[in-house]
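For reference, the structure discussed in these notes is given below.
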Amino acid sequence: MEPIQKMDSLNNKEGQPDKKRKKHESEKEGENEVLEIDVTKPVPPSKKLMRKLRKAGKIDKDGNWTPEALEEAKKKEEKRLKRLDAKYGRKEEGESQEESKRSPWGIWVGNLSFHTTKEILTDFFVRETSEMIKEVSEENIKPITTEQITRIHMPMSKEKRFQNKGFAYVDFATEDALKLALQCSEKALNGRNILIKSNTDFSGRPSKPANTLSKTASIQSSKKEPSSILFVGNLDFETTDADLKEHFGQVGQIRRVRLMTFEDTGKCKGFGFVDFPDIDTCMKAMELGHNSWRLEYGEDRSKRMRNKSPMARSGRFNDAESLGQEDKPNFKRARKIDPRSVRPGAALAKAQRSSAAIVEPAGQKIKFD
């Protein structure tokens, strides 16, 4: 038996390897290696996306973009940049900086046709000023040229495409060109007599109402009586409790800040309440004020009363007006009940019930005739 066991052990060593074999040196080295990822590089596309792109013919078998796909992506990027230029009014590369600059000699042009363009307006000033000088026959004065018009700003309508809003701003390079342009007012352009005013002429504007009330007078003109609660309105949606505490903390201690917020976003609804420990501190906060916030005294809950009837407010017998008022009958009409809707047995449900127990004998004999 011993030689057979020795042969088995030799077969395990030389022939077939044991189950618990040693790992290869390359596997040990692979375990010690660390995978490095470059965060700056773009994320590689997934296998699903690569299959879609390969079926669409945008990439080849090696995963490289085809020339047709690159040309299509370039056109899309150009369209996107054009939309941004149209939306935010970005200047094109070929446009000179002199055309985009404002000058001190500018005019406002109103009552324009909605289909008037910048080119039509430029031709109008060149044509009208040249005809004006021919009529006067003065050699010293020169008409307006396209080079003297440095800027034309014509706001476009958002609702209707390719239509202006009916007015424009034009800047000139010289003061003489400005004077000639002002003389073109009330002249026809596209069937309308346009109006031209200098950018420094503010006549015709309604005068702003002068606020002659001081802070004290404005506080006294408040409809509500002073209280320890201050209502703050016209707040920005990004306003927080810390902003109110920082502003009103200058006058003294703040008991509580109640900022009304939306349930879904948690942002401010535009108003809130600030509670102070006393009325004097609240009045100081009212005098402090704010440039954009609307401040008003709040209503104290402890002093809040429900609206009562005039008889309950004034007293029934002491007020002459309450005596003249007739008392209205306070009764309710009986509810009509359909006898067909009454449940069986409900009619006798409230009837007096007699006891079914044995009656105790009282010593009297009952006779039946």
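Using N, Cα and C of the backbone, Cβ positions are placed for all residues, glycine too.
Marked as region 'Disordered' by Swiss-Prot: 1-77, 200-219, 304-369. Per Swiss-Prot, the feature domain 'RRM 1' maps to 105-206; the stated evidence is sequence analysis. According to Swiss-Prot, the compositional bias 'Polar residues' annotation covers 209-219. Residues annotated as domain 'RRM 2' in Swiss-Prot, with sequence analysis given as evidence: 228-310. As annotated by Swiss-Prot, compositional bias 'Basic and acidic residues' applies to 325-341. For 346-357, the entry in Swiss-Prot reads compositional bias 'Low complexity'.
Residues in the domain 'RRM 2' (228-310) partition by DSSP class (helix H, G, I; strand E, B; coil) as 22 helix, 23 strand, 38 coil. On the 0 to 100 pLDDT scale, the domain 'RRM 2' (228-310) averages 86 in the predicted structure. In the domain 'RRM 1' (105-206), the DSSP tally of helix, strand and coil residues is 30 helix, 27 strand, 45 coil. Taking H, G and I as helix, E and B as strand and the rest as coil, DSSP gives the compositional bias 'Low complexity' (346-357) the counts 0 helix, 0 strand, 12 coil.
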